[in-house]
2 protein chains.
Amino acid sequence: MLRDPEASPLSIELIVVTPHEFSKAHIALISCRSFQSLDYDNIENHLFLEEERRMGHMSFRCLEISRWVICGLIGVLTGLIACFIDIVVEKLAGVKYVVVKKSIDKNTEIGGMCISLILWAALNSAFVMVGAIIVAFFEPIAAGSGIPQIKCYLNGVKVPRVVRLKTLMVKVCGVICSVAGGLAVGKEGPMIHSGAVVAAGVSQGRSTSLKKDFKIFEYFRRDTEKRDFVSAGAAAGVSAAFGAPVGGVLFSLEEGASFWNQLLTWRIFFASMISTFTLNFVLSIYHKKTGELSSPGLINFGSFDLKYNIYEIPLFIVMGAIGGLLGALFNVLNYWLTIFRIRYVHRPCLQVMEAMLVAAVTATVSFAMIYFSNDCQPLETQKSSEDYSLQGFCADGEYSAMATAFFNTPERSVRSLFHSPAGTYKLETLGCFTLVYFFLACWTYGLTVSAGVFIPSLLIGAAWGRLFGSMGVLTTEEQAGKDAYQHSRFYFAGGIVRMTLSLTVILVEATGNVTYGLPIMLVLMTAKIVGDYFIEGLYDVHIKLQSVPFLHWDAPATSHSLTAREVMSSPVTCFNRVEKVGTIVDVLSNTSTNHNGFPVIIQTAPGKLCGLILRSQLIVLLKHKVFVERARSRLRQRKLQLKDFRDAYPRFPPIQSIHVSQDERECMMDLTEFMNPTPYTVPQDTSLPRVFKLFRALGLRHLVVVDDDNRVIGLVTRKDLARYHLGKHGLEELHLAHT
Amino acid sequence: MLRDPEASPLSIELIVVTPHEFSKAHIALISCRSFQSLDYDNIENHLFLEEERRMGHMSFRCLEISRWVICGLIGVLTGLIACFIDIVVEKLAGVKYVVVKKSIDKNTEIGGMCISLILWAALNSAFVMVGAIIVAFFEPIAAGSGIPQIKCYLNGVKVPRVVRLKTLMVKVCGVICSVAGGLAVGKEGPMIHSGAVVAAGVSQGRSTSLKKDFKIFEYFRRDTEKRDFVSAGAAAGVSAAFGAPVGGVLFSLEEGASFWNQLLTWRIFFASMISTFTLNFVLSIYHKKTGELSSPGLINFGSFDLKYNIYEIPLFIVMGAIGGLLGALFNVLNYWLTIFRIRYVHRPCLQVMEAMLVAAVTATVSFAMIYFSNDCQPLETQKSSEDYSLQGFCADGEYSAMATAFFNTPERSVRSLFHSPAGTYKLETLGCFTLVYFFLACWTYGLTVSAGVFIPSLLIGAAWGRLFGSMGVLTTEEQAGKDAYQHSRFYFAGGIVRMTLSLTVILVEATGNVTYGLPIMLVLMTAKIVGDYFIEGLYDVHIKLQSVPFLHWDAPATSHSLTAREVMSSPVTCFNRVEKVGTIVDVLSNTSTNHNGFPVIIQTAPGKLCGLILRSQLIVLLKHKVFVERARSRLRQRKLQLKDFRDAYPRFPPIQSIHVSQDERECMMDLTEFMNPTPYTVPQDTSLPRVFKLFRALGLRHLVVVDDDNRVIGLVTRKDLARYHLGKHGLEELHLAHT
């Protein structure tokens, strides 16, 4: 959930839609105000250039070295957090398992299973309640998997509070609670988010929340550098979660980077590697096998040794298509559910209650399934040490297959479904499990708890794939069926989240088998094509529901007929090079426009562009009262330096908090030194794809549209470009409210 | 070798340097004329926009589908070519092996080993002669590994003739001859080049060489689209060569793409996958195991099952450092050798003779090594079936280890070095082999034959690693040494070629073991850092020697003090919107300027920019005689369409071939419809890094510098930016001759 608590009164007012308007709801749900763009384009003003020119060759080398050091730190910290989550979840799940198992074992003999059920449900609800309360009351942005937020951040949208320390704490505790609470969730998405927060924190060398400034890495206190580190953090998170360093790099690139830079990629790769390494190292100590580093990340699917044959390829494609269909169904259901939640479940206490309800229902359904299933399998002693196998209502020396599927943490269930020998599960067990888990997972995603959807989707895929495979054993050639289900497991994740390339690589790396690439890619690609026909990927659905001005890779194909003149915002509020303080304060205080960037023009030649200045810069200038008159009267006043801007970054105070007296309003401010004197411009006849390409490739926030005489006639921002979408009937313009 | 035959007289004149000027030679070796930039920026003129606006939603979807089809085709064809090379090389090497072995076996008994030696040397020389002749006389651009050329192409430099059908033919035959001729070369680089040529051919839907136009894919006949396909082709080549589809994608991205586009990446990945798949499928048929697809690419290092431990990490770093040092030595030696070759060995017949000499020397040295080595190992029957093990001068039931290392194709030797059990090779054998092979490989790279350096460098690394490991067994802990040499093998390739990320992934994929990532990365990164201290990577050395205007990822760090005004070329030749034909012809014919892009200005307001037109466009206009007077007189004359430009692409005729009569010289040409009306511009105060970023991110060819009134004052091209390098003493400006 991307909701910004500060903006929530606004959001709620805007979203009063009747149920039959659901399909159009995402157009109505517009509250763009809470999202600002990041400034990836360096503000090359005089101060900046002066600093850069002063720096020698060696300083740049030192900077480069500190970038590597930071990436190493990010990797280490992300790995440690992943370890922490993993170990605590295991411990809690272990305790819960012992308690519940004891109760069940006791009650199976004496009757009164209700008590066990209530105990189980109560335990789960308690865990989930804690998780939901900290999320709902302390940091709502920590809800969900965090991947949509990171996608937005890497895309260039500043989602408020998303990379703060508090978010990290809530996220980590929240995910521990929700996984231990037995919800149908995974801990991978939150780990990616954690990595990003770590990166944003470490790279700045200070914590604004803790009011602690280490006075290091000050050079990196701007959006350009911070974004680079956040991509490294996200990659390190993926790497720790899945043991897939290359997959992490590709995730960051697939989701974020618009300009591919070789050195940056190497640093990202380095962070990923270090993260996997740290995780493995700490876990090897924890598991008392110190120093053995060859085990992969948190998810270990075990190794596969199967071969595939060419006649299985159509089978993969069929499975991919079914996966795409089911994925689309999942997304549609979750879309409706989210709309419902945004409308009716927006109060924190309601959200906590819903989460507890889901936890209780999950426990009850699981319990009922175990109770009514009669799938008893002989107990093998060597297995019981690894899995939490449950005797349930089976005879002695046997265990309940359904209980194994439901009573474990999702990761363990996936591994059991992947590796248990044929015949471990009956057809009915698999069928029931798939169906029930599908709806549970769908209901769970979007709750106000911190949790990911990746593992549940993989689990559903694995169960369904095993079902498909088992049916295959009965109906078609035995070998084909047996092999086939080995691949089908992956299709479902593809159907839901639709990240083809990085997901392929993640799965290849997680299974440790390179030759699997082609079938996995085929299944994922088919799933994506089929799924995209119906609805977007789950993350994109949620991003769209929050009406984030998200820029896709290219402008819509048919948008060549639009030009900059048609898409730009106009008229633009411009400032003179030397401007009256009063005017500046008035413009900044005007909540109806709320602009963030202002072209600076030459007084003598009306409208002629000479620079661009940002709201955040003006606020710093006002705060330090950098007025022409003052500079004259007090000659020895300290000159404003780049450091002052860096100290204020990233939480620039609002204009309301800055007091400007009536006298000061009459002063003048000289913007020459602080404005960016060479903003990128386009002529007004430039086609939309061309504007889009420039905007996206350089990560711009403001693009000035000028006429033949270099006079400002408009300003293109992210929101102007994000409006256009390729709908069923060609180009569509979303009516984004320009709040 | 990047030499362009058409420009060779010029090159030769320019490179008369005395030996002691070697170190400065790369500055003198300037002949930029033969290299042009590619136009990655779409020329969005009226014709183009009209076409785009006419196209509906469905047409764009069809285009997208054809892009996927083309990528599939590229994959299939690249895979087939890889199969062809592989099978033919195996066959030829097999025949050679049988002949020479028979002779040696016979002569060992009766004495007279000279005859065997001469036979071997003659066979090798004959093969190499054929390979060298076709390269030297028919297509000199096919020499070398082709990777530098592909790097240049992806960087945006059009190396003449590099993606032509003839080059492909020569490349394929050449690499077969040189590998079969026993040179210290690999076949991987040429395969990457082949993939790129296939892509450039298939995507255009025609062959200019064969004068065959299939009338398909006409939309893709421009640099932007072609470059995308060429990156897919290169990736498919890597994928076929190493069985590493993800490595292929990363190679393309690391070397080429400046703007990362998700869809493009997926297509590249698709092409890579298909290529590996095709290769595996055809080889599985060839090896009579139809349909078993799980084997990786051409190089199969076999599977590794070793674990590593944390205390080995310093060992990896030490090995990486040594690898970097040796790699730097290799590159320095090869650099001097190449300077020598450019100066003295520039005549084709000399080149052929040098190649033959190297082949004969390689055979002789190998023979001598086998003859004088007394490293006899007991023959295991199950091994002889796979390797060509040679009895040599050993007793019956034994084979010569040195012969195994030297007499095989390089791939087989690598595998033998990786997998033979401990004690297979004696220390002296490994030492001699490493030393001799190092110099042979160094001498061989840069010969006028088509061959890659990757496998030789891996082979040297493997031999050295095994040596290091064996010494480790003697001196330090046994296990550590044994494990260590398993990784050291990879260091050498890193030291020479310095592609960290993609190489790591390629090696991880080729060894099929994901958990190896960290040690491989550590070794490669150390090697790169150490090596970079001394000299650039081998490919970059060769690119620099040809003085290609290669743009790196970022502007030099300390270049903020330079502005567009200082780097731009000025004055600029501009055209009026309606220009006299005579003027245009004169400007285009002026060989002393030889510009390729011309700003178009408004007559009425002097100097005011209104568009940009390319030499190639003007030539098409002149060819079709699109004059204002003609349009008036013959109203029904066919209007010039985009198709006319596409038909002329990419081999636009030179201006000299277009006849313009004296009358026609007085006509006027209206450029309005054909020029790009919205070229990217920057103000003159823009800093160099900012210009560089814009240029690199958008893949520009011309960037117009304007003043405050939008008047043209200069033009920045690739050569203006490529001039600046970060040397030992800060920013250095290369004195590129503006020929």
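Quick reminder: no glycine exception, Cβ is built from N, Cα and C everywhere.
Predicted automatically and left uncurated, TrEMBL annotations should be read as such.
It is B:490-508, from the ranges B:490-508, B:604-622, that TrEMBL records as transmembrane segment. The stretch in B:65-89, B:264-286, B:313-337, B:349-372, B:436-469 that contributes the largest number of Cβ pairs under 8 Å to the transmembrane segment (B:110-138) is B:349-372. It is B:65-89 that, among the stretches B:65-89, B:229-252, B:313-337, B:349-372, forms the most Cβ pairs under 8 Å with the transmembrane segment (B:264-286). Tertiary neighbourhood of the transmembrane segment (B:349-372): same-chain residues 113, 116-117, 120-121, 123-125, 127-129, 131-133, 136, 181-184, 341, 390, 392-393, 400, 402-403, 406-407, 432-433, 436, 440, 443-444, 447-449, selected by CB-CB distance under 8 Å and a gap of 6+ residues from either end. If you look at the transmembrane segment (B:65-89), the same-chain residues 6 or more away from its ends with a CB under 8 A from one of its CBs are 172, 175-176, 179-180, 187, 190-191, 194-195, 198-199, 202-203, 216-217, 220, 229, 232-233, 236-237, 239-241, 267-268, 270-279, 281-283, 286, 297-298, 409. Across the range of the domain 'CBS' (B:675-733), the DSSP-based residue counts are 16 helix, 25 strand, 18 coil. In the predicted model, the domain 'CBS' (B:675-733) shows an average pLDDT of 87.
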